[in-house]
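K.L.:
Below is one structure. I have some questions about it.
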Amino acid sequence: MVPGVPGAVLTLCLWLAASSGCLAAGPGAAAARRLDESLSAGSVQRARCASRCLSLQITRISAFFQHFQNNGSLVWCQNHKQCSKCLEPCKESGDLRKHQCQSFCEPLFPKKSYECLTSCEFLKYILLVKQGDCPAPEKASGFAAACVESCEVDNECSGVKKCCSNGCGHTCQVPKTLYKGVPLKPRKELRFTELQSGQLEVKWSSKFNISIEPVIYVVQRRWNYGIHPSEDDATHWQTVAQTTDERVQLTDIRPSRWYQFRVAAVNVHGTRGFTAPSKHFRSSKDPSAPPAPANLRLANSTVNSDGSVTVTIVWDLPEEPDIPVHHYKVFWSWMVSSKSLVPTKKKRRKTTDGFQNSVILEKLQPDCDYVVELQAITYWGQTRLKSAKVSLHFTSTHATNNKEQLVKTRKGGIQTQLPFQRRRPTRPLEVGAPFYQDGQLQVKVYWKKTEDPTVNRYHVRWFPEACAHNRTTGSEASSGMTHENYIILQDLSFSCKYKVTVQPIRPKSHSKAEAVFFTTPPCSALKGKSHKPVGCLGEAGHVLSKVLAKPENLSASFIVQDVNITGHFSWKMAKANLYQPMTGFQVTWAEVTTESRQNSLPNSIISQSQILPSDHYVLTVPNLRPSTLYRLEVQVLTPGGEGPATIKTFRTPELPPSSAHRSHLKHRHPHHYKPSPERY
């Protein structure tokens, strides 16, 4: 660094496909360390790519850089026509090893893409080939000299070892000249300054730079919740900045978190690694109370045989509070025949864990107006922090009818909500029906193309959030890039809930990613439909053990409201054949029809599946078609596999004759038609 140069600080945020969840202790720790290493390696190689771009510019216009070598050089490169083309692949968050550089660069720079192409090829190379040179074959000794093919590429070797020839085979060997031309590590002492603006400034200092190439610093952090710092409970290391200065200012520092940082000095030749983790830092600010629960709504209502009513209330969990929610308090009270509410002392109350977003209220009186209040509670030491209360008004028995629900907070006004099944907007992402082809379970995800003319690529990322057999440990996220408005996801696992994010790629700005969830069916559901044999094996290649448990008394009821039909499907379980603990239920429903359906979207969803927790025996399906046969399958899920399916066919009721004439009045007269539920 040259002192006294007024260079601007540039922070290039890297869009990593890393999860920020806490690491699990135990068998998953090794997998977590491998994930940390792979993510860190990717960040370092992208910094090497950026350093190469700066090195090329120093060569071309060395006179300019004699007094301007490091400070501000990334800023300069970003604003330089040729250098910015070179930097573009270095910022790419997708896996370039799976894509052609030409398809990446030419849409961005149709006329002159040479700088982008050469930079992309360099990045692909260093992502596959580790730094350092292989020793001469005759130098190999011990196991390294064995005449075996123990590796094919460098990434198959641990640590800094490379896949090298020993004259009669290939083995993992320590390279020679590992640090030739590589800058020294920064000094391990990092200094923290909490600014009045709320930002955190992190500073470090460099040792003598033994390289003439520009040095780029990669800054990573990890954190844990709690009163005390803990490396065992910390997140993965995440790259938060890439800069040519010896400082960085971070804006997203949250109270109640213990942060650790580390820094690596990188040039085109590589790095000596990251500094040791810094001392822990925690903001001096006190954490805020949790936000009020959002989108409180009624998800299900069932009339029991004794005349009482059971309802399910759901809400959206907060995305990232200062402190995780410890528990939720739920209060409910009622009034009869439009009279005043019951006294406060007769209010009912219960609590639910902070990670849950639903509660079941049982033994409600029919035809009563209820008020439900919800409040989030967190703890900071001995201090209890409470959110504002949110309330929901509904009428029992007819709760799923088209009666408007009123939701309000103590600090705000009243907000009108449509019922749960009517509130769903048109989703930005759609998922087709899973299908089995070429020996793989696949699914098509599609979306509406953005109107922004600068967007011609989409970064897609997908991973299993939960599986029926609890085999997601170590599962890595997959990602891809496409120019189309769809992508086919391949090699999926059976009986898993997947999350998919799609992010438009803009040349000079960061776009918001949209997300969608879908559930893959069990293998047995496709086995009977496929013309070719489908091998229903576990992930380790072993046939899943037989499960005898089977749902019983599968029944359905339908509520007709104007032109909408909502189905409530329920079942019971007999414990006699349950020799293994249940992990949930796999529910699959589909229309039984040979008619083609008119739909503007490709691969319209005719069959759908959902995985429910083991304590949920009811599924609500809105927007069913009138007078239509539906086939419902319910299976028990256990760690050993799926049980036999209980199958039943139901026909939805017809719409009342006047529904078509009344449909334009449904918002004006919501109580005009209230049929009793039809039961099967």
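Note: Cβ is positioned from N, Cα and C throughout, glycine not excepted.
Quick paste from Swiss-Prot:
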- 1-24: signal peptide (SIGNAL)
- Cys49-Cys83: disulfide bond (DISULFID)
- Cys53-Cys77: disulfide bond (DISULFID)
- Asn71: N-linked glycosylation site (CARBOHYD)
- Cys86-Cys105: disulfide bond (DISULFID)
- Cys90-Cys101: disulfide bond (DISULFID)
- Cys116-Cys120: disulfide bond (DISULFID)
- 127-176: domain 'WAP' (DOMAIN)
- 186-287: domain 'Fibronectin type-III 1' (DOMAIN)
- Asn209: N-linked glycosylation site (CARBOHYD)
- Asn300: N-linked glycosylation site (CARBOHYD)
- 425-523: domain 'Fibronectin type-III 3' (DOMAIN)
- Asn470: N-linked glycosylation site (CARBOHYD)
- 550-658: domain 'Fibronectin type-III 4' (DOMAIN)
- Asn553: N-linked glycosylation site (CARBOHYD)
- Asn564: N-linked glycosylation site (CARBOHYD)
- 642-680: region 'Disordered' (REGION)
- 661-674: compositional bias 'Basic residues' (COMPBIAS)
K.L.:
For the disulfide-bonded residues listed here (Cys49, Cys53, Cys101, Cys120), which one has the lowest count of neighbouring CB atoms within 10 Å of its own CB?
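P.N.:
Looking at the disulfide-bonded residues Cys49, Cys53, Cys101, Cys120, the Cβ with the fewest others within 10 Å is that of Cys101.
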K.L.:
Let me know the DSSP-derived helix, strand or coil state of Asn300 (N-linked glycosylation site), please.
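P.N.:
The residue in question, Asn300 (N-linked glycosylation site), is strand (DSSP, three-state).
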K.L.:
What subset of the disulfide-bonded residues Cys77, Cys86, Cys90, Cys105, Cys120 lies within 10 angstroms of Cys49 (disulfide bond) at the C-alpha level?
P.N.:
Cys86, Cys90, Cys120
K.L.:
Enumerate same-chain residues with a sequence separation of six or more from Cys90 (disulfide bond) and a Cβ-Cβ distance below 8 A; give 'none' if the list is empty.
P.N.:
Arg46, Ala47, Cys49, Ala50, Cys53, Ser119, Leu123
K.L.:
Could you measure between Cys105 (disulfide bond) and Cys116 (disulfide bond) for me? Cα positions, answer in whole angstrom.
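P.N.:
Rounded to a whole number, the Cα-Cα distance is 6 Å.
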K.L.:
Asn300, Asn553: which of these glycosylation sites has the highest Cβ count within 10 Å of its own Cβ?
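P.N.:
Result of the Cβ crowding comparison: Asn300.
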K.L.:
Taking the Cβ of Cys105 (disulfide bond) as centre, how many other Cβ atoms lie within 10 Å?
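P.N.:
Its Cβ shell of radius 10 Å holds 23 other Cβ atoms.
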K.L.:
Please work out which residue of Cys83, Cys86 has the most C-beta neighbours within 10 angstroms of its C-beta, and give that one of the disulfide-bonded residues.
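P.N.:
Within the set of disulfide-bonded residues, the most crowded position is Cys86.
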K.L.:
Compute the C-alpha separation of Cys120 (disulfide bond) from Asn553 (N-linked glycosylation site), stating it in Å without decimals.
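P.N.:
Taking the Cα atoms only, Cys120 (disulfide bond) lies 60 Å from Asn553 (N-linked glycosylation site).
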K.L.:
Grab the pLDDT values for the domain 'Fibronectin type-III 4' (550-658) and give me their mean, rounded.
P.N.:
75
K.L.:
Run through Cys83, Cys86, Cys101, Asn553, Asn564 for me and report the recorded positions whose CA is within 10 Å of the CA of Cys116 (disulfide bond), in sequence order.
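P.N.:
For Cys116 (disulfide bond), the recorded positions whose Cα atoms are within 10 Å come to Cys83, Cys86, Cys101.
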K.L.:
Report, in whole Å, the straight Cα-to-Cα distance of Cys77 (disulfide bond) from Cys83 (disulfide bond).
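P.N.:
Cα of Cys83 (disulfide bond) to Cα of Cys77 (disulfide bond) measures 5 Å after rounding.
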